[in-house]
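> Below are the features I grabbed from TrEMBL:
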{"type": "DOMAIN", "residues": "11-290", "note": "domain 'Deacetylase sirtuin-type'"}
{"type": "BINDING", "residues": "Cys148, Cys153, Cys183, Cys186", "note": "Zn(2+) binding site"}
Amino acid sequence: MFFSRLTRQSTAAFSKQIDKLRAALDTSDAVVIGAGAGLSTAAGYTYSGERFKKLFGDFAARYGFTDMYSGGFYPYDSLEEYWAFWSRYIMCNRYDPVPTPLYEQLLGIVHDRDYFVLTTNVDHCFQRAGFDKQRLFYTQGDYGLFQCSKPCCQETWDNEELVRHMVATQQDLRIPSALVPHCPHCGAPLTMNLRADDTFVQDKGWYAAADRYQDFLRRHSNMRVLFLELGVGGNTPVIIKYPFWQMMAKNERATYACVNLGEAVAPAEIADRSILIDAGAERIIEALVS
């Protein structure tokens, strides 16, 4: 469906918007959460500034980059250096405790409802907070998985044990050569299971989650569904935002809620069934649980 123009945040008071969102939650038959990077940012996952300096100050001093993202793309001279950076990156963003209880608070809001989560985040925060794994679809990968860099196969491997060993044994911003991971099938170096290009591996678990998500949507296609979008910007709108708008247009009983700091918009065609809140996800979630 073609949408003609976008409408922005309502001029209604913040408390009125929260009341509308709470009412939509209470009356919905199902909740589909669409979570983007803004949700994890709200939970404390910042990739620059003080957190970066604290965790990667030694890398910054040697290589000159100023944030974690840049460090992930730096052309290291060796795999030992590459994995020294990436193991620490994975550790602090995947295995260390989540900085705030925001995800647990969100679970408290939806735990007794029929919900499903679609997310582009790769930090596994939903599952770590206790969300049902069978109700999660991580479309873009997982910091906790390796894949073949070629790839020669459509398999992934859990990396926690090896990553912890890399972090514990690295010296002078290098890991021991014996820890550099290689594909057990072809011997090529392993890499992260993160969607960056057409080499991204969608393993059996990925397809099973995709099927569960589509089944959830089919079963609720004509019901009172709340599409709750949290921290989804304009970088990858084809994954969450545009599909939500299209499903809204097809289901007149559905409600769309967009919570995003600086970018809370909806098409005019669904504006009368939209709740647009220009605020960080942490502010909204805290208001809903208070």
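Any Cβ shown, glycine's included, is placed from N, Cα and C.
Map the listed features onto the structure and describe their local environment.
In the three-state DSSP assignment, the secondary structure recorded for Cys186 (Zn(2+) binding site) is coil.
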> Out of Cys148, Cys153, Cys183, Cys186, which has the highest number of nearby Cβ atoms, where nearby means within 10 Å of its Cβ, if these are the binding-site residues?
Cys148
> Specify the secondary structure state of Cys148 (Zn(2+) binding site) as given by DSSP, simplified to three classes.
strand
